[in-house]
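Positions annotated as ATP binding site by Swiss-Prot: Q87, G105, E106, G107, K108, T109, D524. What Swiss-Prot records for 852-876, 896-939 is region 'Disordered'. The Zn(2+) binding site feature in Swiss-Prot is assigned to C933, C935, C944, H945; the stated evidence is sequence analysis.
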Amino acid sequence: MLGSFAKKIFGSANERRLKSYRPKVAAINALEPEWLKLSNEELAAKTVAFREELAQGKSLDDLLVPAFATVREAARRVLGQRHFDVQLIGGMVLHEGAIAEMRTGEGKTLVATLATYLNALAGKGVHVITVNDYLARRDAEWMGRVYQFLGLTTGIIVHGVDDGERARSYAADITYGTNNEFGFDYLRDNMKYELSQMVQRGHSFAIVDEVDSILIDEARTPLIISGPSDDKSELYNTIDKVMPRLQPEDFEVDEKQRSTNLTERGNEHIEDLLRAAGVEIEGSLYEAANVTIVHHVNQALRAHKLFQRDKDYIVRNGEVVIIDEFTGRMMPGRRYSEGLHQALEAKEHVQVQPENVTLASITFQNYFRLYSKLAGMTGTASTEADEFAEIYKLDVVDIPTNLPVCRLDEDDEVYRSAEEKLRAIVREIEAANAKMQPMLVGTTSIEKSEQLAEAMKSHGYKQIDFAEPRALDKLYAAARAEKPSKLFAVLNARFHEQEAYIVAEAGVPGAITIATNMAGRGTDIKLGGNVDMRVAQECADLEPGEARDAKDAQIRAEVDDFKAKAIAAGGLYIIGTERHESRRIDNQLRGRAGRQGDPGRSKFFLSLKDDLMRIFGSDRMESMLVKLGLKEDEAIVHSWINKALEKAQQKVEARNFDMRKNILKYDNVMNDQRKVVFEQRREMMAKPSLEEMIDDMRQGVVDDLIARHIPRDAYPEAWDSEGLREGVKTSLNIDLPIVEWAKEEGITEDDMRERLQKAADEAYAARVERNGVDVTRYVEKQIVLQALDHLWREHLLTLDHLRQVVGWRGMAQRDPLNEYKSEAFQLFDELIAQLREATTAQLSRVEVAFEPPPGENGFSGGMQEISGPQGGSSGGPIFQEALSAAAFAPPPLAPLEFSDESGSTATLARPAQSASRDEPAGGYAKVGRNQPCPCGSGKKYKHCHGALT
């Protein structure tokens, strides 16, 4: 009560913040008459003047008012669009590094030009990030005209662009692109071997469009660059064949947690089935030797019992393609991680693709926190304001609309069964269509949209075939005649190519558009249709002249007439066929109607069999409806139901927030290590010589050998002299009389260290002299970078396994996160030690052949990009696509020859970047990865010389 009383007197925090912007808005408006008088050249010259003022010590804040006035006037002249006062406020919010919540149709794309231009003046580059390539291209071409007018350059980063073009785009003042492309470029840059090959130039300021979709919905989706691993398709197919033979009592499914588990009976049954199918099981199924089989069984169970075709994925052209649960779009190239995608391929009897090994990864949460300043725009952020504040330190500012919202949001209608709900939706569509009201019907999956489409067809409606030329002509003809066309369009993952076109025309009178979730987000639905899109399509074959001008004028007049008819019919009608887990997604759907003061309405139709209702306690509601005497095809409509649903959604949102927060805590551990590795890597590439580092590494290896074989304060008789001799021979490639030295009277540990260091330095100096100083310095850098990359990949895999294991330690009253932090730190220390040893061992054997064989580029194997869920249980998508191997290969280098003291040599081409982890190394080809390393170090082979494979 006190809070509401205080708000009445002082206003809310949002209102107070908005009020603080008003004086600047007034100052910008005061400059407008003066700016109107400027010639185009004088207006464009403002950019040079602003940059000179920055160089003289002024801040960007000092330039905000004149810079915003300049952009507003440039947009008016170039685009014919003038920023409203509320849009100026939105630009100020973005400049301050906050999230501007702006309703659909309020011109977020135009708002971004204000903060983008101002921050681009600093010359550090501004990244404008969108959710797909179409929007990146559209916005860059559309708003790029304003920037070009003002003397700024723009670049576009989309899929398929080569490194040269990427580097030019990043060098521009303003760079447009998708979140995936920016993130992958960061990872790719940190796998390059020369600074000149890197394309990004830092992370100064980013504006993220649809910020909730990218920073919240995709927060659990790390970007991963991977390489191929062993082919296990036969095992997937074998396990898949036994899945249908499981009985209901063999497993449990938890839809809330999106998890499946075998029961005790199921464990015994599956073991019998696997043995009968010929799968080799050592002892009991759950013994350590069978961990891979158990993992594949669990993934096959999830594939069969949790994931549904045409809801979670579709099969297209012999491939399993994931469907984005938030947008309903197909995501070609994305793959589920942890073997789940392979399990789905086996289930659908398509070719099982090999699993992949992670080479580099980062989550969106940690990528976007690289920016010195981050801002975002969306129509729905308030429900996630706490998460934006806690994770990204971003405030959410609710920007008022330019005109009042006239949309009527009606209470939900709840039916007992899905069939009753479907019939009610069709009746509602027929009633609205009879008065020519345009409709957008939102569904949660392809399956649901196609069920509704079939129901529509059974009532005499016909689906528009967008493969036909001029597919919407019949719809336009019906709108002219003011008679229902009985046509409807379906927009789901199967028809994503026509997405923007279908959505843009959803505001034509009588149009019925069925869309999965928020497909088409980013494209405005204007009442009457999209005039620019129609002109572009219908005038494409006309040459400039009177005929084209007449056609243009006729289309514009018709769209104005259609708009008037749509308004008279009540504006756009949003029909929701199911509530989403997140209120934000529901609000996004509602927000498609009522743009720029247009009328509109929205209503959700629900049934007790809907996922949200079924999972979150519809049993009590069903018994209550029975007591109330609810009959078939009757609905209950009450604000109490809306509130109950909202509470259920809040619970889900809170749970998802906790999951994302927990993931971030673990990922922060890896992120700290990633930053160290990437920073060190860049420093190595920047230095002309790593001589000092190599010397330190060699000294470190000597210290490690002494510590390993000479116990502290022990007499020489207790030293492992033979082990030390073998270790020195392996790690430093010198054979020394260490056993004899140890027998000398009065020799100490320090004496031994000094002799080893001197011998190692002299041997390496002789090798440098033979190979040449310049060549050696170059080879040193390449070998260090290769060794670091390989060990980092192994480290990522180890951390992933560690993360899966530490969760069980909570049962022993130990904090899993602290356990993870502690062991991850120890593993990182081991990585540094392994880097020293691997680099020193290779460099002590290197001989350079100066005539490389023709065609040798030193690289084999492909790499793939992946974005996928953290941990195997979340089942999120990963993004995978073939990459050019040359982008990662170090510059061509002659084959390296490794020799030992006996004089024998072996020529070795540059190690392949994507070699299998299990490929044997050199003379240790028959050593098991978990056996002691033959070098005598006492370590397991995989952590010693096995790390060099």
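Numbering starts at 1 and runs along the chain as displayed.
Quick reminder: no glycine exception, Cβ is built from N, Cα and C everywhere.
Counting other Cβ atoms within 10 Å of each Cβ, the binding-site residues E106, T109 show the lowest value at T109.
In the three-state DSSP scheme, G107 (ATP binding site) is classed as coil.
Remark: D524 (ATP binding site) has T104, G105, A504, N530, R595 as non-local neighbours, by Cβ distance under 8 Å and separation of at least 6 in sequence. Taking every protein chain shown into account, G105, G107 are the binding-site residues, and of these the Cβ with the most other Cβ atoms within 10 Å belongs to G105. In the structure as shown, the Cβ atom of Q87 (ATP binding site) sits within 10 Å of 27 other Cβ atoms. The record gives Q87, G105, E106, G107, K108, T109, D524 for ATP. Within 8 Å of the mean position of their Cβ atoms, the other Cβ atoms in that chain belong to M102, T104, L110, V111.
Neighbour list (K108 (ATP binding site), Cβ cut-off 8 Å, at least 6 residues apart, same chain): G90, A100, M102, D209, M377, T378, G379. DSSP assigns Q87 (ATP binding site) to a helix in the three-state reduction.
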